[in-house]
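Peer 1: What TrEMBL records for this protein is below:
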- 162-338: domain 'Amino acid permease/ SLC12A' (DOMAIN)
- 450-733: domain 'Amino acid permease/ SLC12A' (DOMAIN)
- 747-872: domain 'SLC12A transporter C-terminal' (DOMAIN)
- 876-1125: domain 'SLC12A transporter C-terminal' (DOMAIN)
- 25-94: region 'Disordered' (REGION)
- 157-179: transmembrane segment (TRANSMEM)
- 191-214: transmembrane segment (TRANSMEM)
- 235-256: transmembrane segment (TRANSMEM)
- 289-308: transmembrane segment (TRANSMEM)
- 315-338: transmembrane segment (TRANSMEM)
- 454-474: transmembrane segment (TRANSMEM)
- 494-520: transmembrane segment (TRANSMEM)
- 540-558: transmembrane segment (TRANSMEM)
- 594-612: transmembrane segment (TRANSMEM)
- 618-640: transmembrane segment (TRANSMEM)
- 652-676: transmembrane segment (TRANSMEM)
Amino acid sequence: MGERFVVVPVDGGVRVAVEGVHSDAVVSDPATDTGSSTTGGGTVDDREAGEDSVFEPQDPDAVVPILEYNREPNKYGDGVPKENSPFINNTDIDKGNSYDGTNMALFEEEMDSNPMVSSLLNKLANYTNLTQGAQEHEEAEEDEGPKKKAVKSPQMGTFMGVYLPCLQNILGVILFLRLTWIVGTAGILESLAIVALCCSCTMLTAISMSAIATNGVVPAGGSYYMISRSLGPEFGGAVGLCFYLGTTFAGSMYILGTIEILLTYIVPKAAIFVAEKKEDEVDALLNNMRVYGTCCLALMSIVVFVGVKYVNKLALVFLACVILSILAIYAGVIKTIFEPPDFPVCMLGNRTLQNHNFDSCLKTEVIGNLTITTKLWKLFCDGPEFNATCNDYFNNNNVTSIQGIPGLTSGVISDNMWSVYGPLAMMVENKNLSSFGGSDPAQDIYMPYVVNDITTFFTLLVGIYFPSVTGIMAGSNRSGDLRDAQKSIPIGTIMAIATTSFIYVTCVVLFGACIEGVLLRDKFGDSVKGNLVIGTLSWPSPWVIVIGSFFSCCGAGLQSLTGAPRLLQAIARDGIVPFLQVFGHGKANGEPTWALLLTAGICEIGILIASLDAVAPILSMFFLMCYLFVNLACAVQTLLRTPNWRPRFKYYHWALSFLGMSLCLALMFISSWYYAIVAMAIASCIYKYIEYRGAEKEWGDGIRGLSLNAARYALIRLEEAPPHTKNWRPQVLVLLNVDSDQGVKHPRLLSLTTQLKAGKGLTIVGNVLEGTYLTKDAEAKRAEQNIKSSMSTEKTKGFCHVVVSSNLRDGFSHLIQSAGLGGMKHNTVLMGWPGTWRQSNDPQSWKNFIETVRETTAAHHALLVAKNVDGFPTNQDRLGEGTIDVWWVVHDGGMLMLLPFLLRQHKVWRKCKMRIFTVAQMDDNSIQMKKDLQMFLYHLRLDAEVEVVEMHDNDISAFTYEKTLVMEQRSQMLKQMQLSRTEREREAQLIHDRNTASHAAINDKAESGPEQVHMTWTKDKLFTERNRNRECNANVAVRDLFNMKPEWESLNQSNVRRMHTAVKLNEVVVNKSQGAHLVLLNMPGPPRNRGGDENYMEFLEVLLEGLNRVLLVRGGGREVITIYS
């Protein structure tokens, strides 16, 4: 921290100086105004004079100088970027302004990480929420183009910023093109039920969204940002992409609505495909929609690409169109009370006729004194003559004209109260009119009747209607432009939903009360000369609605094409979905070019579907999925009671969120169960993909909080008492060593752990560094990172725990005692055999090993020691035909049986067969032992070959005595003599030479004698040892050995017996299992007397000699496998 002190003479003596300290004031001389000692700006001479004068004795009558404090920007800090937040200092300049004066000197070294309250409040007051998204998105943008201009402080209020955008997004194409048809088909009561279901769903979602949006500052990003930060990257990515797809298909729906209005109501003659036959009309309409829709999409995409700012400026114009259209509807309803508009509907019997190709609703008309047939006659007869052959139904029924809009007081509401569902091509009929004669369905399809173009039923109408209530996220998407987002979003969104719900409910009732049922069910207005049905009700002209709805649909389509690419760009820049990262790039000004291309491509899929009624349920699914997770996010956060969950919006409850979530799920399956399954499958695939391949993100999300709560609950429920034998599984503590660079020495230990994890138990990988934590902190973190990297490479799922201790012995002891938590503690320790213990200069290495064995035994943990662990197979290896041999010498809980079974579950060991060897003594019945063991394995449900090996009580061989003698001599010499390093190596070599010479002699004796003793030496090794032997023949050597009998008598008989066991058992194991892929063997316990520790290591070396892969197993003192179910 650079500081400069300048002496300033002050009148008033010590009193002023003291006051200056206490008041944190800097008192300066008037001379400072002249520049003689300005802050940090005085001349060098001034400063040097001042600095000298600080320590010079002063005249008591002179002015007492004080130090003027001037501070350079703070250069402290560890260089690690802190959380990207407006509340934590982000720049060096900010750090420099963290505090002033000397009152806070006690805290000055922490100012870079803990700013003063005044500094924090200043940043909070000046914090600007940027419109383009979260600050983490900005960091990527800085690399793509020039820095953005400073963003002005947002000024939009609730009405302009939230209420009107929501109103514009909610009211739209369905209101103008389908609501009358829904009312006519479902009836007023069921239509109200549909409206109530959908509006309740969005209202409950808005309440949940308001709670999330007011729980802290929400950068622009809308629902994606809220869900991803509340539920985590997996849910956030899945739901964000669902919301993106919903918004994209909404663009398709709006474009199809635009083209439908254009070709059906504005310029019908612009159609490219014209149906020659009536049955081809539907196909012709769909083809026209595809062609014109594609052209419209291309045009809109170009507009969005070239000038998105114009789209935003025209938003108010489009909104005005919507509001004017709705006002025209209400005005028209009021007018029907006094003067209903004249829109006659022509009926033949009780069937509705398409009024395109005739002017008068008459069979014949009188012109002058002549009665002639009308154009209607020609449609049903094969000529204009009176004697022409006509359709039977036409002959039997009269033609009548009824008023399409009888008015509000006509009482037609009672006829429209109930539903009229029907199949495809069902005729639209008025049940109040009489009908005579049968109909010929084969002929009726060619007649100009108004018919259903799709099969209708309640759930279909729910799916078609639901898009008319979406758009509630418009306010939260603009949170960056709001003056007070936490206040505006709840009020504006809920008021918009309330307003639109009122409009929909009143429209349902008023349409049913004013319009004749057959006209309501006439989807395209064919019975009123192709007029828009809702337009017939409006005042002053139907064209108000037609033009208004056309521009409304255009605007909504443009806004969808504007919003969807930005949403995709936000998801791509978060980096949670790797294959989407290309869509995070854009033009120099940040416009998402690639995302716009993808959006246009997906939008084209909806346009090729071509039917508004088919596209609407698709986007309903994606929006419902999004709303479901908004409710889930609120419910999870509320139930978890996380400390950070403090929404300003208080009118929420977890029960409301669950109700909203259930309603969303129900509406998904009500609308279309197969679309719901597809949408959920897409979301699930995205979720699993992000979980498997996505970037690690920590957003403080609710799902992580839920996991913590669930883990805490499970740990509390999980008793610390040992589990039942049926629930026992190896919970492994792996003791790893690292090299000087903190790299993992034996990664195959991790491979073996992974292969053992068929038991699905806990894995803790532990390591000990020697030293103190304060000095080894960085090394410990680096070791932890390296171990985690190795665990990832070896696919070992578990936890890493690096401990720094004053010595390795205590560190491993602490790990064995304290690793794990509660009931989730390890019960098995896995470690490698110290293969170089004989060559090590420091006996502490093998002493630590033996102490670890003792401590695992004391802690009642099982112990697995892998010899030649670097030769164990990797997870990519596939072992061929071979065996896993189990040498069951003593029973210590069944670990030897369980481990091969677990290993064979892994693909590395799957083809290996299991063999179990057990040892019989002289007085054992080996045949009965074999039968009993086979029965035991049958009850254990284990498939294995069984073999009983007989070990006779042979006399202890001379080799055993000699081996024991050499071992004790070496041990005694190393204890008693303080040898130098060179002498110790020479002594070890001398003992080794004597050992090998004796061994060669014994082998010669064994080969010449009647009793064969199978040793582990190879022929080459044997010849080498023979060459080293200076004796003439083996008999002389053996005689010399037996002459050493007095020395043997002084040997510790316990050591001799143990060496005998090790030698004999090694002979048998090598003979039977030398070719096995893995040998599992009981591990003898260390001696109680610590004086024999080195001998214990020798015994184990002899026992394992000549074997490649060995896993020594020591049970934990309890049964781990059972025959019972």
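Even glycines carry a Cβ here, placed using N, Cα and C.
All annotation found in TrEMBL is predicted automatically rather than curated by experts.
Quick caveat, the model's predicted, so the values are computed rather than measured.
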Peer 1: Over the domain 'SLC12A transporter C-terminal' (747-872), work out the mean pLDDT and round it to an integer.
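Peer 2: Averaged over the domain 'SLC12A transporter C-terminal' (747-872), the predicted model reaches a pLDDT of 87.
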Peer 1: With an 8 Å cut-off on Cβ pairs and a sequence gap of 6 or more, do the transmembrane segment (315-338) and the transmembrane segment (157-179) reach 3 or more such pairs?
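Peer 2: Per Cβ check, the transmembrane segment (315-338) touches the transmembrane segment (157-179).
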Peer 1: Give the one range among 157-179, 494-520, 540-558 whose Cβ atoms make the most pairs under 8 Å with those of the transmembrane segment (454-474).
Peer 2: 157-179
Peer 1: Is it possible to list how many residues within the domain 'SLC12A transporter C-terminal' (747-872) are helical, extended or coil according to DSSP?
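Peer 2: DSSP classes over the domain 'SLC12A transporter C-terminal' (747-872) add up to 62 helix, 28 strand, 36 coil.
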Peer 1: Who are the chain neighbours of the transmembrane segment (594-612) in space, where the CB to CB distance is under 8 Å and they lie at least 6 residues beyond its ends?
Peer 2: 173, 177-178, 245, 248-249, 251-253, 255-257, 260, 286-287, 289-290, 293-294, 297-298, 301, 304-305, 561, 564-566, 568-569, 572, 582-583, 585-586, 618
Peer 1: Taking 3+ C-beta pairs under 8 angstroms (sequence gap of 6 or more) as contact, is the transmembrane segment (157-179) in contact with the transmembrane segment (618-640)?
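Peer 2: The transmembrane segment (618-640) and the transmembrane segment (157-179): touching, no.
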Peer 1: With a Cβ cut-off under 8 Å, give me the same-chain residues at least six positions beyond the ends of the transmembrane segment (235-256) that come close to it.
Peer 2: 172-173, 223-224, 227-229, 289, 293, 296-297, 300, 467, 470, 473, 553-554, 556-557, 560-561, 563-564, 567-568, 570-571, 574, 576-577, 599, 602-607, 609-612, 615-616, 618-619, 621-623, 625-626, 629, 633, 679, 682-684, 686-687, 690, 694, 699, 701, 703
Peer 1: Apart from its near flanks, which chain residues at least 6 from the ends of the transmembrane segment (618-640) lie with a Cβ under 8 angstroms of it?
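Peer 2: Result: 201-202, 204-205, 207-209, 211-212, 215, 223, 226-227, 230-231, 235, 239, 242-243, 245-246, 249-250, 252-253, 463, 466-467, 470, 473, 606, 609, 652-654, 657-658, 660-661, 664-665, 667-668, 671-672, 675-676, 678-680, 683, 702-703, 705-706, 709.
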Peer 1: Taking the transmembrane segment (289-308) as reference, which of 494-520, 540-558, 652-676 has the most Cβ pairs under 8 angstroms?
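Peer 2: By Cβ pairs under 8 Å, 540-558 leads among 494-520, 540-558, 652-676.
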